[in-house]
């Protein structure tokens, strides 16, 4: 009965997100910087979504998946960053239990879906480069929608399992979360009972949603690189390399930071190091996506200029 009472008290009182409380002078600087990056992220990813929809030349599987990725980035930042900004600005760092619950489900579902979608995009790139004559037959709209749906549903499914298991743990009045967002690993640490099963389940999920997609991307990238080197046309070869390089850059930054967070032993890094890496993963990686794609892929740059020219009624060279 005592454990139940303490657990209920934690649920009613909510949690205290310590965030960057140890760096009071840095919090205001981070607030301004993160606010700017947040606005750039929303603007950049919304631009990619609109351009992909408005420009007929971009009505292709690659840009269909890219618009889904941008939509994911937009939703993730909108579910995480506002709470982070409040945490940095307000002296009171509390978050209601219900708010933490919504925060946990949204961020975990969107983040898990993001882990699957780049692997789907690599599949599209593999068919486009290695099987160009069969591309339109294989990558039809129904398959693209099915692959995108698979990514979304897998993210939602793993979230229902992991988040539910985590929130069933008794916290025994422990309210201080040494992070700036509600995440499964940090909430598991608050539990006052054994968490071996939760940690094992989280590790297995991390393998499935991180190592498996990364392995698939690396293998497909190897086949793509081999096929690109055999292209005789320098223009086509440069175009293929540019597209694949952009995708690999985004993938490397995204998976590199998240693997560091979820698969590195907790004892091998300091708690502050984990916070700053998490901050980079949460804010910076999603801002870089539109920047990298628009700078590296000529079709996106050309379509963006065309859409802006129509909107502004001017001729943009």
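Glycine is no exception: its Cβ is also placed from the backbone N, Cα and C atoms.
Both residue 86 and residue 172 are recorded in Swiss-Prot on the same side of the membrane. Check Swiss-Prot against the ranges 124-142, 143-161 and you find transmembrane segment recorded for 143-161. Just one residue in 8, 45 has N-linked glycosylation site written against it in Swiss-Prot, and it is 8. Its Cβ placed at the centre, residue 192 (disulfide bond) has 15 other Cβ atoms within 10 Å. Mean predicted confidence for the topological domain 'Cytoplasmic' (53-60): the pLDDT average there is 81. Sequence-distant contacts of residue 100 (disulfide bond), defined by Cβ-Cβ distance under 8 angstroms and a gap of at least six in the same chain, are 14, 15, 182. When Cβ-Cβ distances below 8 Å are used as the criterion, the transmembrane segment (276-295) is approached by residues 30, 34, 37-38, 40-41, 44-45, 47-48, 66, 69-70, 73, 76-77, 80-81, 84, 179-181, 183, 246, 249-250, 253-254, 257-258, 260-261, 269, 301, 304 of the same chain, each at least six residues removed from its ends.
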